[in-house]
């Protein structure tokens, strides 16, 4: 894939970022030259190839993941080939250590051993290491989030890897969506100049959700990103458990923390006799079913609808032929529900989520389920796809945990953003 093949992509990204046409052209020129400084010098024979590495930490809401990418660079006019990825994850997320940030540092320090084992020792000082935090830290008070990041920065600084400027930071939801889009289209080969189509992405994390796709506009390239980083499966659980209290506003678990840890939140989406705990952002909430109320799909759907309808912006142009890849919690919940296998994923229609949600929710009234939150999760996903984003029930989604043996996430896009100075904001 040549650098010139990225022209449409850069037009897309810079349009989103608000760049002028002249700035886009200058950025293209800068990209060509910067790639030769970021990557190894290539004043060698044409058939020379160079292997290099990059490490990306994904500090998510429910866990921390490390991606160690191995690239092969063969020509100054081509993008590198992704040779493989070493992946490892651990729970909980860094936000769980909001009051003991030293534990967050220890988590990252331990995970760096994965990078040391994957990257040859001689390459450590040339291998960039970065961490990007998502909604888990976005939803924390700024001071506490920065305390966590400071601990991580210290671990990076004492490591043998190359630590670039701004190596540790919190990423906004828009950038998260764009980078996931880049990752998926890179992996599926849709960024080549000769390719006339691209794929869309649906990402559902522990604290945010993104939908990113390329509309078929004739006038200019643009990317439409519709997200609601305050309305994810995580925050929706708390919101729907409040029994109608303040579910229409910009309510998040963080804004509900004042003295609410003691309260029991009830929901018709949970089994009647269920009582348990749910943790988010370093706090643990008491949750239960409603022993005196109704349960089942219909009542659960109406409960969830309050956290979706009219709050999540509904994009247009979803009726075109764009193929959407859905991953993260879309994938995990589909596996828990038995809709797909846990290795290869599969293709599902939106109506498949609806049908399974009805089935799962009906069983909660008969016997204690193995996954007490599954009715809520399945109903939320169904409502999000139908009433939130506006997908038809016949829409087919590709559920994927990996594509070409690489994790479906924004991490690869973030590394490409760093290596090629795409300046995505």
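Each Cβ is built from the backbone N, Cα and C atoms, and glycine gets one as well.
TrEMBL annotations:
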type: ACT_SITE; residues: 176; note: active site, proton acceptor
type: BINDING; residues: 206, 207, 208, 209, 210; note: ATP binding site
type: SIGNAL; residues: 1-22; note: signal peptide
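Its Cβ taken as reference, residue 206 (ATP binding site) is surrounded by 23 other Cβ atoms within 10 Å in the chains shown. The distance from the Cα of residue 210 (ATP binding site) to the Cα of residue 176 (active site, proton acceptor) comes to 8 Å. In this structure the alpha carbons, written CA, of residue 207 (ATP binding site) and the residue listed as 'active site, proton acceptor' are 12 Å apart. Cα of residue 208 (ATP binding site) to Cα of residue 176 (active site, proton acceptor): a span of 10 Å. Across the structure, residue 206 (ATP binding site) and the residue listed as 'active site, proton acceptor' are spaced 13 Å apart at their Cα atoms.
Between the residue listed as 'active site, proton acceptor' and residue 209 (ATP binding site), the C-alpha separation comes to 9 Å.
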